[in-house]
């Protein structure tokens, strides 16, 4: 069977490659067995597969849009920045090593073998693979070490569609310049352009589109309008693009934007209900209705940065007044102490936490817990009492072990005596409708506001909405021709 594939590259980061791949996966899945693939992803937002492997959340979303189970082969290399130019390398879903950029590039040959194996396994089970590049495709300083753009193009010889973002300006120069800078053996496979995030009447673009096609000999497949995606974001670049909720003047949740923040997608489900405001650690915290401390790639360093900035005292001042949630690394920070045997920060030491929960955490070995879980709510306190005994789902991605005398979700997490400080290892907590609504209902009632339940759109409907918008604006006949299907 012919190994069919399609490669989506971009002119820069955050131009919409992931959403384009998601849309194409959804559309093609109606008639074909489709798998997404991203050779190398650098992201702190990750997902745990059913067999406990860790991959980038974008590939999990794309797989679900394609109607297939996410697997580690769809994102064989995941880089999770830890700071100081060092990243944790996740190889086929398992922690491999902490490497500097130079050390990682020295192991590129080894990575290429991993990628080839992953692709072969995917092709055995699927009719077509829709692949995604990373950042800008024309990073000429990286061509000899690149595995995700030029490297994937050379490995698969896939037809390429190049995506540009018009919202930030300069899209024609970006598309033309990217093609001009690509190596000749890759350039020949660029078969189409997509312009993304356009606001206004697309008629005014026609002269530019025509000229771009004449200069490059490459057709423009369509112009996608700017619209609000209802699927999770991939990286922290998009934190600056968050739109307010319809009730943003009524209820506000402050998320502490830790220097090494990870899995900020945990809070996206709240954005349709309240204003979710990301606060840098050196900013004024203001007067929020709830505080969230997210996950982090380095709990201890972010805890030390919180303390150095004075944000620790600002958070502590709200104890007993408003809900304070900590997820994963944020949960660990809420406790009395964190003991590190050297696996987290390089040296053996004990650090004082925020002391908002009666827990202690120990980093004893370089071992990560990655698992999908279902837990029952222990309905202690004013927020959770209405959903006592109900099930919630989530996933864990963490190092360290935490002791807790008063758990909050089954055997997980902790809650203080007043029921307002809640810590948990569960990512995806607010994906659960019962948790989400219990919190927002409490916040509304506390302010004397009428609680208005959210307008719920299912995950499946969100994928269909994206796919339909794509089909309405893209020359699908030409796209099928390019893909060879």
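From the backbone N, Cα and C atoms, a Cβ is placed for every residue, glycine too.
Listed in Swiss-Prot for this protein:
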type: DOMAIN; residues: 250-435; note: domain 'GATase cobBQ-type'
type: ACT_SITE; residues: 328; note: active site, nucleophile
type: ACT_SITE; residues: 427; note: active site
For the residue listed as 'active site, nucleophile': intrachain residues, at least 6 apart, with Cβ closer than 8 Å: 262, 263, 294, 295, 296, 396, 397, 398, 424, 425, 427
All-chain count of other Cβ atoms within 10 Å of residue 427 (active site): 26
Assigned conformation of the residue listed as 'active site, nucleophile' - DSSP reduced to three states: coil
